[in-house]
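S.K.: The transmembrane segment annotation in TrEMBL covers 12-41, 61-80, 92-116, 122-141, 211-232, 244-262, 282-303, 324-339, 345-365, 426-446, 458-478, 490-517 (among others).
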Amino acid sequence: MLNKPVLVESLIVFIIVLFVHAVVWDRYSWCAVALAIQAFYAQFKWDRLLQLGGAVFQFRTAANSGLLPASMVIPLLGIMMKERCKSAGIVYFERFGIVVASTGMLVALFLSVIAVGITKPVPTNTCILTGVAGSIIIYTMKHSLTVSEVIEVLEVLLIFVYLSMILLYLLPRCFTPGEALLVLGGISFVLNQLIKRSLNVIEGRGDPIDFFLLVAVVGVVLLGLFFTVLFIFMDSGTWISSMFFHMMTAVLGLGVIMPWLYRLIQRNPLFWLLQFLFQTQTRVYLLVYWTFLAASACGIVFYQNAKRSSESKKHQASTITRKYFHFIVVATYVPGLIYDRQLLYVAAVLCLAVFIFLEYIRYFRIKPFGQTLRHLLSLFLDERDSGPLILTHIYLLLGMSLPVWLFPRSCAPKGTLSGAGALVPYSGVLAVGVGDTIASVFGSTMGEIKWPGTKKTFEGTMTAIFAQIIAVALILIFDSSVNLNSSYAWILASVSLVSLLEAYTTQIDNLLLPLYLQIMFM
């Protein structure tokens, strides 16, 4: 039997799916409903495989599989993007939304088929449901997608299969099946988009900051794969290996990534980046302010480690201490969202690349900073960092940045959506920066009534909802571009559902919650 938290988590996801279905009510939303039903049953099979140790790869053990909530994210994002762009009359991005939704459904279906295939004895009912849902989705794709779009969907699926085989083998216990679906599915889609755009470069077409995101994400992933394979055959902790690491990083960066970006944006990437960053006085002020916040975050890390050394008995940072970084991230993102979203977009990409590169240095013990980073960051580990990589800070950055990166700018007149959609870029700030932080702080200090089957408290969830409503009111005051058009009931329902999901999910909430709040706002 599924335990109670998993049932409640599944119920919340079903409610969100039905909300989207009620708003859209077309063949794609019917496909989403069918996918959700079969993912619920397949999730039970994955949970059983994880408990019995029968999964093909080693997944994170302190959580359930999370297949249902993860399976619905990409399809629902694609469906809502299609609807927004359809209402704006942007046919290209309407078709792009359909491709995103179809890709998400097919990748999720593939993961469900794997669970059914390796479960013994073969689960008859789940096989029938998976077959019915797959037939509905494939039939819809057959009558909706062009030949080139079908090929694009299959390309992403192929990339996802190979990436999963490689990364899940190299990085045991870093993901649950649901987290692997989200992370590797996203990387697969980005890689396919980069290949597609690189082969069809048209001067003047496309925003350089979008190309910058694609190249940066693919570049750091390929860099990691290259060094992972390389250090299988040599010790990464020696000075010679470290010098080779830095040299090859420079060679790959200047010899592959920079020319690739130059081909896409048709100008020198370094000159473009410098010109972009210092284009206006507001950007200079924001960069100085962000530098101060980054220094403050580093100061907290050093102070907490010095405190650990003096106390000697304290081995891990408390929940409240880890939430300091959430407050710093909120203070970073809110001014960027209000004054210059394009700068925030590019700065978040740069920060992601730096975070991943530093994680490579820590993981491979690259001299002179690898061992120091291992010591400094070990204080902030929690049960979700059970694998060889420390990913929680990267997930925090992704959760705050994805609503900014995924905001459909081309389908938003005057750079903003109407109604609750105006809050889409703030989804990460509200769900993670405010909601998750307040829930953790108040729940751990004053919470007494626990939600059934979880460690989360009723008081923490209620204060999180209240804090997010106050945050929305403050956004209305300080950001003149936000116009909610009396959609307050929908905002309250969205915030409440996502806060309940935070209380019951065992997945990485920094990644999952902002995406569901974005779906509801869109």
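Note that Cβ sites are derived from N, Cα and C of the backbone, with glycine treated the same way.
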S.K.: Six or more residues out from either end of the transmembrane segment (324-339), which same-chain residues have a Cβ under 8 Å from its Cβ atoms?
M.R.: 282, 286, 289-290, 293, 296-297, 300, 347, 393, 396-397, 400, 404, 425-426, 428-429, 432-434, 436-437, 478-479
S.K.: Taking the transmembrane segment (490-517) as reference, which of 61-80, 92-116, 122-141, 345-365 has the most Cβ pairs under 8 angstroms?
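M.R.: Ranking 61-80, 92-116, 122-141, 345-365 by Cβ pairs under 8 Å to the transmembrane segment (490-517) puts 61-80 first.
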S.K.: List, by number or range, the same-chain residues at least 6 past the transmembrane segment (458-478) whose CB is under 8 A from its CB atoms?
M.R.: 338, 423, 426, 429-431, 434-436, 438-440, 442-444, 446-451, 484, 491-492, 495-496, 499-500, 502-503
S.K.: Can you work out whether the transmembrane segment (12-41) touches the transmembrane segment (92-116), with the criterion being 3+ CB pairs under 8 Å where the paired residues are 6 or more apart along the chain?
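M.R.: Touching, yes - the transmembrane segment (12-41) and the transmembrane segment (92-116) meet the threshold of 3 or more Cβ pairs under 8 Å.
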